[in-house]
Amino acid sequence: MSLNFPLLLVIAVAVCGLLALLDLVFFAPRRRSAIASYQGSVSQPDAVVIEKLNKEPLLVEYGKSFFPVLFIVLVLRSFLVEPFQIPSGSMKPTLDVGDFILVNKFSYGIRLPVIDKKVIEVGDPQRGDVMVFRYPSDPNVNYIKRVVGLPGDVVRYTSDKRLFINGESVAEKLLGAEPNTLGSAELYQEKLGAVEHEIRKEMSRYRAMPDGQWKVPAGHYFMMGDNRDNSNDSRYWDDPNIPKDLLGMVPDENIVGKAFAVWMSWPEPKLSHLPNFSRVGLIK
């Protein structure tokens, strides 16, 4: 069972906030009253006794201490920026296994934590954006891919690995063989909308499926990995519980945010590597 960290964070903030509120309206007045009664009953109040009477319950003390920290984390993570780690090579060469990235949570609208309901419109995904989203077949799993098809687009990917959007071939330019692959993989520069980025194709690997064509419904997006022959993306998703016309599509409510930067890398296996900052930079 996957850990629902946003839900746990909201619960932690709520519990700590409740403890702080209870102290404000109930425990603190009782402490002040006890101190006043004690001071009125003796001619020379003992500072040690006053300190003991004014001591907060341990649970309240922890709650009040953690509340501001957890609240700030909740606001930052839910509405501004959230960190993620790249678990696979499906976005090579743009992102590699072990990259730690930052995701802008407000680029595509302000959403409430846990329920992910959009409450403030800000903007929509654009073709070429690198986007984190919840996998349609298992919303507890986050995926990261590049936005290829927008609502209303017709996307076609051919058996010879060419991409077409609305009948027009997407521009790409061969950059050369990928280093350390003995020529088995090539890198291309592709332009999606206003975004120029690199993609990877394996020359020795043939697609197991024929030409595919998809019509992107309203409120949905078609996603592909930059590592075109090693990416579980909109081209391949299949789920009997999802209507046929929505197979491969990411609904707007599943959007997490826009990936915009790599801030650290820690290659696998982590026990034999150290974190490094060689790949730090903005994501194209």
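Glycine residues also receive a Cβ, built from the backbone N, Cα and C atoms like all the rest.
According to Swiss-Prot, the transmembrane segment annotation covers 4-22 (among others).
When Cβ-Cβ distances below 8 Å are used as the criterion, the topological domain 'Cytoplasmic' (23-58) is approached by residues 64 of the same chain, each at least six residues removed from its ends. Annotation source Swiss-Prot lists topological domain 'Cytoplasmic' at 23-58, citing sequence analysis.
According to Swiss-Prot, the transmembrane segment annotation covers 59-77 (among others).
Under the heading topological domain 'Periplasmic', Swiss-Prot lists 78-284, citing sequence analysis as support.
For Ser90 (active site), applying a Cβ distance below 8 Å and a minimum sequence separation of six or more within one chain yields Ile144, Lys145, Gly225, Asp226, Asn227, Asn230, Ser231, Asn232, Asp233. As annotated by Swiss-Prot, active site applies to Ser90 (among others).
Lys145 (active site) is surrounded by 24 other CB atoms, counting those within 10 A of its CB over all protein chains shown. In the three-state DSSP reading, Lys145 (active site) counts as strand. Residues or ranges marked as active site in Swiss-Prot: Lys145 (among others).
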Margin query: DSSP on the topological domain 'Cytoplasmic' (23-58): how many residues come out helix, how many strand, how many coil?
Written below: 27 helix, 0 strand, 9 coil
Next item on the list: Sort Ser90 (active site) into helix, strand or coil using the DSSP assignment.
Entry: coil
